[in-house]
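Taken straight from TrEMBL:
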- 12-32: transmembrane segment (TRANSMEM)
- 44-62: transmembrane segment (TRANSMEM)
- 74-94: transmembrane segment (TRANSMEM)
- 161-180: transmembrane segment (TRANSMEM)
- 186-206: transmembrane segment (TRANSMEM)
- 308-329: transmembrane segment (TRANSMEM)
- 349-367: transmembrane segment (TRANSMEM)
- 388-405: transmembrane segment (TRANSMEM)
- 425-443: transmembrane segment (TRANSMEM)
- 464-488: transmembrane segment (TRANSMEM)
- 508-530: transmembrane segment (TRANSMEM)
Amino acid sequence: MGGFSNSSVNYGLATLAFFGVGVNLVVFLRRVLHQETAVAANNISKWTGTVYIFSLIGAFLSDSYWGRYLTCTIFQIIYVVGLATLSLASWFLLVKPSGCGDGKVLCDPPSTSGTAIFYLSIYMIAFGNGGYQPSIATFGSDQFDEMDPAERHSKISFFSYFYFALNAGSLFSNTILVYFEDEGKWVIGFWVSTASAALALLFFLFGTPSYRYLKPSGNPLTRIAQVFVASLQKWEVEPPSKGEMLYEVEGNESTIAGSRKILHSDELRFLDKAATLTEEDYRENMENPWKLCTVTQVEEVKCVLKMLPIWLCTIIYSVVFTQMASLFVEQGTTMKTHVGSFHIPPASMSVFDILSVLAFIGIYRRIVVPVMRRLSGNPKGLTELQRMGVGLVIGMLAMVVAGVLEIERLKRVSVPNMPSSLSILWQIPQYALIGTSEVFMYVGQLEFFSGQAPDGVKSFGSSLCMASISLGNYVSIVLVTIITSVTATSQRPGWIPGNLNSGHLDRFYFLLAALSFIDFVAYVMCAMWYKGIKFAATEEDEENILNQV
């Protein structure tokens, strides 16, 4: 399990680098690139969404061709180069005069070349970090031998500690680095992020001799296409009522490299046609997967399709989550940011999200799980689907709290163009609620999609969590754009104007709370319908059972 500790430290350092750039990027866009509030918020959502959509590319390459180790290495190199490019562009082209962008000293208008290099660098960062994330999550879980009962038990808590490493890494970014950047020391902050990512890469490579490696399983898109083509060709064929009558190869190994066999399920039975044997199959199609597929190959497709409704129901939560990096920060800039003589950078308030995650992971493992284990009889306490449902509810409550806070903030605005007298510390509850919801939602997602994904698409399973965040950001862009265009007229500034004191951000938060409630109802229906994957027992499993007896 030595590889697990290496991957966790690596992920913590890489996360420090990512949030060192991302957590204050909306402020950089406004102060250094002179973008309006709504434009900056949308650009952040686009960038964050792109980070996680690139996770699908990394997952595909990892599962199909490169394997997890090589995928992690290549994308981390791209990540480091992107961070170095951003640091150089900020140093020589953007942060002019030096120390500008602190809220007091205005930066010179950015040059076309400087802006172009800036966007090139941050999207290199998005590509590198996005492609790396699902592979490192799956690579870390690969370090546990499921044939060993002790390691199989340890794997249950792996994703909780993995998410702990993520938040531990971002803690430094959301405190020290944010403070430096908010004071105009952008170049220093970006170089520290670059150094952290480079150190993460070196640490990852240092553990190379101790890792466990699993071979890639080939292109899953081809296997999926084969199942649909074979099913359509046998559209008139009635599949047998018993799964035992469907085609499967002999022995313990499936036809998919490195994948265990999957037992037949009764859902989506029209796909069973692909594994239904006909006379023509006996004569000439036994070796043609475009005509005849195994039960395992069919079940791989079924598993992916059955996970999609659950995944779609997590997107609205990701819309809620993404507000931390955009509108929460904008809301904080319009509040009292001083406690005595100490200035609190609005972006650093996300530290309370991180502290909430770090604290509640411990509370969940040591208090919630034992209590729920006794009540439900489930060794995990709550199932992954139950945890995700709880996360949806808490995320909805966070939006209600943020909306109420915005109403109170507006009541304490005495001068239209000046911040409210309400302290920024009143944002702590909404950040803490988001953090608590993450422990339920995102840790539950990582466990659910990784555990329910067939062996041949494990990285794809992990990438679904990241892709949910990605689409959440894009949906946020659409919502902000629609709300801005619908509510803003020549006489009214709209809900989210450049000056939030003349807007109604509270209504936007309440809209997200209402959407979250509708989403929760749909999620409960999907979760009740879902039936989990069942793997066939291998010889090693049977031997372990006999040894335990």
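Cβ from N, Cα, C; glycine included.
Highest Cβ contact count with the transmembrane segment (186-206) among the listed stretches 12-32, 308-329, 425-443, 464-488 falls to 12-32 (criterion: pairs under 8 Å). Most Cβ pairs within less than 8 Å of the transmembrane segment (161-180), among stretches 12-32, 44-62, 74-94, 388-405, 508-530, belong to 12-32. Long-range contacts of the transmembrane segment (425-443) within its own chain (CB-CB distance under 8 A, at least 6 residues past either end) are made by residues 159-160, 163, 314, 317, 320-321, 324, 328, 331-332, 335, 339, 344, 349-350, 352-357, 360-361, 364, 387-388, 390-392, 394-395, 397-398, 401-402, 405, 408-409, 465.
Counted over residue pairs separated by six or more positions, the transmembrane segment (12-32) shares at least 3 Cβ pairs under 8 angstroms with the transmembrane segment (74-94), which defines the two as touching. Count of Cβ pairs under 8 Å against the transmembrane segment (464-488): among 44-62, 388-405, 508-530, the largest is for 44-62.
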